[in-house]
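Colleague: Here TrEMBL flags B:12-31, B:43-64, B:85-103, B:115-138, B:150-170, B:190-210, B:219-244, B:274-296, B:308-324, B:336-358 as transmembrane segment.
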Amino acid sequence: MRWRGRKSSKRVQNESLQPHAAANPDHQPISGSILADLAAVKESIGHNSDVRFREYRFGPDKIPIVVVYVAGLSDKELINDYIVNMLLMDGDGRHINNHELRDYLFDRAMPICELKEASTINSFTSSVMTGAAGLLVEGVAGGFTFGESQVLKRNMEEPPSESMVRGPRIGFIESLSHNTALLRRLAKTDSLAITSYQIGDRAKKEVAIAYISDIVDPKLLEEVKRRITRIKIDALQESGYIEQLIEDDFLSPFPQVQNTERPDRVLAAVLEGRVAIFLDGTPFALIAPVTFNMLLQTPEDYYERWMIGSLIRMLRYLTAFISLFTPAVYISFVSFHQGLIPTKLVFSIAASREGVPFPPLIEVLIMEVSIEILREAGLRLPKAIGQSIGIVGGLIIGEAAVQAGIVSPIMVIVVAVTAITSFSIPQYNAGIALRMLRFIAMFFAAVFGLYGVILFFLLLGAHLVKLKSFGMPYLSPVSPYRVKDWLDMIIRAPLFLMKKRPDQLQTKDQTRK
Amino acid sequence: MNRLPADRISTSQTTIILINMMLAAGILTLPRVATEKMMTPDAWIAVIVGGLISMVIALIMVKLCEQYPDKTFYQYNQVIVGKTLGSIISLAVVFYFLLLAALEVRVMAETTGLFLLQGTPIWAIIMPFIWIGLYLTLGGINAVARLLEIIFPITVLFFIVVVFLGLKIFELDNLRPVLGMGIKPIIDGVPATALSYSGYEIILIIYMFMQNQEKAKKVVLIGIGVPLIFYTLTLVVIVGALSVEGVLSQTWPVLTFIRGYEITGLFFERFDSLLLVIWIMEIFSTFIVSYFAVAMGLAQVFKKDTKIFYWGVLPVVYLIAMTPKNINSLFAFGGWISKFGFVLFGTIPGLLLLLSYIRRKNT
């Protein structure tokens, strides 16, 4: 290892000896001699075909200035406006000496809010490459950069991954500043704090966290900040990267950070005392901490009247349960405990399984795996084809497999029910987690019957009680008991009863006001 | 072991640990065990008396624990009676919990083998069960407490529903006459019923982890009160349904009782196996709490890391669980453990409390 290290350091030295790279390019200052500076900038980024240089002369003394920008990335209108403005002023007709020049430019000629100074070639070029326009002036040590990259954005539309019947039809987009602005516009409170970080060793991406400063638990906030600043990666592609790099237990099948495209969901979360994390370039915001319970809730539960909200929520708990256990229970009843179910049902199951050559586990596996394949195929294909895949798959599974005697009709019902229930879980990745676990449950049931199902339940319970999301027990408020929070667990109590913020989040300000 | 903040358990968690520790396999045979000695339908009175006696003992234990709020029983008995004697007492307690853990595992395996998985070898039933127990206990007292919080409502609700569904075969005449043979049989029956409460000794060990230790008295009163109601209810309903003779002739009277009625029109027809399945969780909870007590006791006596003992105790539990040859020797084994525990915990905490008072006066 040592030998290697030495070798690589040698290579770096060799490179720096080459004529086109100046000594230590990182800290080479902008000297004020425009020819030298321009040469250095060109050496650094001039080989890119989309980097443009444009020279002007300014004032009665014809001071040379150069504008550097990236075509398509920098805001050309902004450049034109300000450069034209600057040239028109023409130094107010005065002869400006080198000492005054910087101040004159800064105070008079460039009346722009985002004018920054860059002292080294390196900081200058990196600003240019991220979309700012750069300005070099003869006789001024240090360059200027102004403006930021043109935002390539789409319209804010209803998020396809979280559609709702009732609620705002607006979702986040791929631009961080627009997302935070949207949140701020909806929040309408001055205590909404947004702090941003530059994360990534190679590509510095902006990560912002949003919280309500007088609600959030300071310990939670500290923990989120600590985990985010600790991230070491070359480039963050999507908020899923952040999620995986800050989660508590990478071995758990359960998502420990929530993701959403809905600003109303984020707003509700920060108002409860949770912390939202945004990444530039993705519409998916993260919310931490999360409990299993929260994954089964939607904002719509709160928009509808409480009875509807509560009933639908209960339905979702039921579907989670069915999705996880139905095939396992089916296997254990059919293979082990026929005596437990009514005799007539036993007969009809037995009759329908007549001629099926496989044991129940294999039968279930065939069907469950094929429905997972269908789901995946339908998801990846273009929408129009995806639907036809559904029809073909449905026909094959529903009719042909039964008629061919591979599976029994009752099996088709079991698989269909589990598939539909797992889709009705609002959080996509939580649904997948349950689907994964369903297979484990099936194996337990195939070996031990109902005893296996109970063992699986205990194992799952043992895992879940150990799991934490940012220090918050994953199963709370069910375990540990937080009775105050039960108003918003399986039922969704009328709003006037929920005067307190969730106890489990230990907010600074417990009362909703 | 330090009392880290993360290792604290709330008052409700402590109560639930106590209740779950007491409710276990014992309840499935309780009607027979309680009635055996007395031969009268008055066993339920004996159960209440037994519960009250247990409460008194538990209060003595709490009093003892209050002397040393930041030490477990394993640690402070060395302070009271010296290192050697203290270690011996601790090892006896560890031995008791070890036997209890093994007993629960074996009873679970026997009933499962009988009612659910005919033909499956005992070892195959035991192995995954204790492995899951190990996985859980590695998470410490907090994980144990939280899982028990999930298990408790499910099992208790299900049990109550199942018992109440059987009310239609309940006949009050089976319970009459009350006190028909006087008080004597009740006094005879009390020791047997008091034994059915074994499990509350765990307060000696978990007291240290309590967040609000001043509520420990309330905890033991509620913690024993709930099983007391539970046991009484079970006894009344089941003796009422099966009669004294019927109860005595059954190995698992509770399961027989549930098999005695049939609810048609539901998805399930028979609830005995179903109750057993649910009750496995209750047995599991007793097992893991005892297991936790064993590992922690050994760790504190030998001053080593607890994790080693979590792994090390596992094969021992398995071997002890496999020792009884058949179900009769298993029941004999269970009776012996209860008596051992009764002697151990009926005398030692009281003596230690006295000694600690004397010690305190002298210094």
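Glycine too: its Cβ is placed from the backbone N, Cα and C atoms.
Because TrEMBL annotations are produced automatically, they should be read as predictions rather than curated entries.
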Colleague: Which listed stretch (B:12-31, B:43-64, B:336-358) has the most C-beta pairs under 8 A with the transmembrane segment (B:274-296)?
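Modeller: Comparing B:12-31, B:43-64, B:336-358: B:12-31 has the most Cβ pairs near the transmembrane segment (B:274-296).
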Colleague: Are the transmembrane segment (B:190-210) and the transmembrane segment (B:219-244) close, by which I mean at least 3 Cβ pairs under 8 Å that are 6+ residues apart in sequence?
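Modeller: Result for the transmembrane segment (B:190-210) with the transmembrane segment (B:219-244) is yes.
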Colleague: Between the transmembrane segment (B:85-103) and the transmembrane segment (B:219-244), are there three or more CB pairs that fall under 8 A, provided the residues in each pair are separated by 6 or more in sequence?
Modeller: no
Colleague: Hey, which bits of the same chain come close to the transmembrane segment (B:85-103), Cβ under 8 Å, at least six residues off its ends?
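Modeller: Sequence-distant neighbours of the transmembrane segment (B:85-103): 25, 73-74, 77-79, 198-199, 201, 204, 286-287, 290-291, 293-294, 297-298, 300-301, 313, 316-318, 320-321, 323, 330, 333-334, 337, 340-341, 344, 348.
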Colleague: So if I exclude everything within five residues of the ends of the transmembrane segment (B:150-170), which remaining residues of that chain have a CB under 8 angstroms from its CBs? That is, six or more out.
Modeller: 16, 19-20, 23, 230, 233-234, 237-238, 240-241, 257-258, 260-261, 263, 271, 274-275, 278-279, 281-282, 284-285
